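Participant: Pulled these features from Swiss-Prot for this protein:
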type: COMPBIAS; residues: 407-417; note: compositional bias 'Basic and acidic residues'
type: DOMAIN; residues: 35-161; note: domain 'VIT'
type: DOMAIN; residues: 295-478; note: domain 'VWFA'
type: CARBOHYD; residues: Asn97; note: N-linked glycosylation site
type: CARBOHYD; residues: Asn127; note: N-linked glycosylation site
type: CARBOHYD; residues: Asn231; note: N-linked glycosylation site
type: CARBOHYD; residues: Asn508; note: N-linked glycosylation site
type: CARBOHYD; residues: Asn774; note: N-linked glycosylation site
type: CARBOHYD; residues: Asn793; note: N-linked glycosylation site
type: CARBOHYD; residues: Asn860; note: N-linked glycosylation site
type: REGION; residues: 117-136; note: region 'Disordered'
type: REGION; residues: 208-227; note: region 'Disordered'
type: REGION; residues: 405-432; note: region 'Disordered'
type: REGION; residues: 541-571; note: region 'Disordered'
type: SIGNAL; residues: 1-16; note: signal peptide
Amino acid sequence: MLLLLGLCLGLSQCVGSQEEAQSWGHSSEQDGLRVPRQVRLLQRLKTKPLMTEFSVKSTIISRYAFTTVSCRMLNRASEDQDVEFQMQIPAAAFITNFTMLIGEKVYQGEITEREKKSGDRVKEKRNKTTEENGEKGTEIFRASAVIPSKDKAAFFLSYEELLQRRLGKYEHSISVRPQQLSGRLSVDVNILESAGIASLEVLPLRNSRQRGSGRGEDDSGPPPSTVINQNETFANIIFKPTVVQQARIAQNGILGDFIIRYDVNREQSIGDIQVLNGYFVHYFAPKDLPPLPKNVVFVLDSSASMVGTKLRQTKDALFTILHDLRPQDHFSIIGFSNRIKVWKDHFDISHSRQHQGWQSVHSPYVAHWRHRHQRGLAEGHQAPQQVRGPQWHWRPERVPHCLPDGWEAHGRGDAHPQDPQQHPRGRPRPSLHLHIGIGNDVDFRLLEKLSLENCGLTRRVHEEEDAGSQLIGFYDEIRTPLLSDIRIDYPPSSVVQATKTLFPNYFNGSEIIIAGKLVDRKLDHLHVEVTASNSKKFVIPKTDVPVGPQKAGKDVTGSPRPGGDGERNPNHIERLWSYLTTKELLSSWLQSDDEPEKERLRQRAQALAVSYRFLTPFTSMKLRGPVPRTDGLKEAHGMSAAMGPEPVVQSVRGAGTQPGPLLKKPYQPRIKISKTSVDGDPHFVVDFPLSKLTVCFNIDGQPGDILRLVSDHMDSGVTVNGELIGAPPNGHKKQRTYFRTITILINKPERSYLEITPSRVILDGGDRLVLPCNQSVVVGSRGLEVSVSANANVTVTIQGSIAFVIPIHLYKKPAPFQRHHLGFYIANSEGLSSNCHGLLGQFLNQDARLTEDPAGPSQNLTHSLLLQVGEGPEAVLTVKGRQVPVVWKQRKIYNGEEQIDCWFARNNAAKLIDGEYKDYLASHPFDTGMTLGRGMSREL
């Protein structure tokens, strides 16, 4: 499947290059004009954007992987240049975020619903791109942009994936293909498994798309520069090759796949159950069980399209598989071209009984197989050129089917094949079908639908690859069935919204995963009952699993990443549950033939994907406008519009192109900055929008004082404190203070805090994350977004309804009375409650009125004189019934970018604020108590 996101920034790409190419072919153009153009073109090719950094950070916790890819580019040319970011990701993964930084503009991805009407068109395009460009088991993400001359760009891609256990190992693959050598290239993988890590290996870099058979694979060790640190439950793997080491691997920058395989410890019991914040996951993978007998039918395309290498490789693989069959196993081979032929098996005399048993199912099985594929072609493929001759004589696309199951078959039942519960004891059960498509023109969507209808698996083999070894590898995954008809039950009073609990087969080396919600978060024990068939006997183990007290979730990703819409939920088990549920809804939608049912499944899958920020066939990604820097804050007031290109986004999983012009267009800022703020030494400004009044005041605090700026701990859960620092000694004659630290505490939905200084941002939501302020980055953690614009400002967005902007004021050569310091602006207060308090928070929902008219006609001379010193006439302001004397002043905000008129309240805002200045002093930066307002008790 091709994963494509086209982001067209700026004017039409390569216009100049196209014109030059046309001019070269013009016979009337003089040779003297051609040479300079050719030289210029060669220079452009030589000075293509330089990739300064390519890094991948992945965190795997309990099989669930969070991965963030960061790529930074530099345009060294004297003109704008096109650049493309390309990344291969696992086909099973969901993209959760994409962010671009072009120059100083930040474009943030947003997952939205996809319009249903474009589904048919998109489906065709998706199939085409998948077949032509898609890697086996991977999707390709592409994003293009235009980098201004001498400027930088950065791309951040985040995706999530649940690792599947195959052949006794979990495999985590990271594509390292930056397309050029990079001075800073790194892959950092953290693995956290509470059950304990039983084995861990890093494979050599793999540049082939094939998975391999797992038999006798290369064991030459990890790539050079790989460092592995491991203990019982945690492992850290770092791959950080130098430019020389990269060049030895591949001079074109296509290093290959960095692959980690590991397994965990298991107890011989009901399985491993983990619980966190009301969600649970159950890993079930028993071992040391006797294998079940299996019946294998190979359905092979014997038409002319298979003649040659593909047929030879397939035959070699089948002979290898036949030698692997156990004495109790049965097999048959069915070939088809324009007719169907059944080859009877030729076991030795000891297998004659099994041979006779198989003969009884040949005819009905062939009929069932033919009917299934005819219906699949009619519904999923609809390609008339693939139907030849009579109605049931058809030619599929080079598709060999390997069809094993875990039961003895003595006929075919009428029950629906994918529901094992519809096959009671003693009744024949359906086969498990392994559908393998060989070639680049396989209709993979058809195979997926057939697999879902028959509880099967689907695999792809490309023509240029070693099909034989891959066929053996696919067979190895299902060669040893241990259980059948597995059903896992939990008490309905304890568990709701569980994922699939019925499974037709369990194979050695695989794993069954179930996730769901707990009704009672304080549950001590969870009753689990497993019903399964093992070699003609039904096994029913029951037990009460202790779940213990549940701890608060942690942000396990621990890496700087774009996001901020909560897509990286600290509760990894909740994310795992949403991932599995979405996958099952998509599979049910693909399998269903009932239109009302398909629409219901589509709506459920779409709603869940939007809620958890998953990019699926039913959702698309759009880019929000750029986040303004401090030096561009005036744009929010309409003084100047930021001219930027409107990106055109194509859904990565098949959504149509979003409408939008390619020409430049003014952007609406994502956040409209209000005047309610505190900055400088420290100067407070509060807005009363209902009265169209702006009031300002100063607080003359002492160095070390911690001021309560916003206090809404009891309602929205947000508290903001600011710590003062004094001017250097022997400086200005007046004592000056500035904010050196802004602390933001969030109590809902999870407790976390931010500590911001002019040099760094510390984010602690369970795991500690330190961001330098001299680098632009966007990170997020369940409803909290932190956007750092290098040496300019920090924007904090909480639950999408609260936003703060903290400007960073740095001085190259500070005067004696200057210090590096911070400001604080309330950009969005919608999510703060009416009970919000603090030096700034108390004014967010209040009104004020001016009770005396300033500067009457007889006061014009006095007014003019006062204007010369920056002050105007006095008046009386009424706030909360209190009379506050104020004087008209002019004050600069936004680091001097804008000058405002305000009414100034003297004496530390006496009578303007509730209580006194000392009532707003916090005992420490993380104090959430308040002596004023509704929260009278002080909480430490």
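Glycine residues also receive a Cβ, built from the backbone N, Cα and C atoms like all the rest.
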Participant: Under a three-state reading of DSSP, tell me whether Asn793 (N-linked glycosylation site) is helix, strand or coil.
Facilitator: strand
Participant: What average pLDDT is reported by the model for the domain 'VIT' (35-161)?
Facilitator: 78
Participant: Sort Asn97 (N-linked glycosylation site) into helix, strand or coil using the DSSP assignment.
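Facilitator: The residue in question, Asn97 (N-linked glycosylation site), is strand (DSSP, three-state).
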Participant: Rank the glycosylation sites Asn97, Asn231, Asn508, Asn793 by the number of other Cβ atoms within 10 Å of each Cβ, and give the residue at the low end.
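Facilitator: Checked Asn97, Asn231, Asn508, Asn793; of these glycosylation sites, fewest Cβ neighbours within 10 Å: Asn231.
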Participant: Please name which of the glycosylation sites listed here, Asn97, Asn508, Asn793, is nearest in space to Asn231 (N-linked glycosylation site), Cα against Cα.
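Facilitator: Nearest candidate: Asn508.
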Participant: Determine the Cβ neighbour count for Asn774 (N-linked glycosylation site): the number of other Cβ atoms within 10 Å of its Cβ.
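Facilitator: The Cβ of Asn774 (N-linked glycosylation site) has 14 Cβ neighbours within 10 Å.
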Participant: For Asn97 (N-linked glycosylation site) and Asn508 (N-linked glycosylation site), determine the Cα separation and express it in whole Å.
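Facilitator: With the alpha carbons as reference points, the distance is 36 Å.
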Participant: How far is it from Asn793 (N-linked glycosylation site) to Asn774 (N-linked glycosylation site), counting Cα to Cα, in Å?
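Facilitator: Between the alpha carbons of Asn793 (N-linked glycosylation site) and Asn774 (N-linked glycosylation site) there are 10 Å.
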Participant: How big is the Cα-to-Cα gap, in Å, between Asn508 (N-linked glycosylation site) and Asn774 (N-linked glycosylation site)?
Facilitator: 52
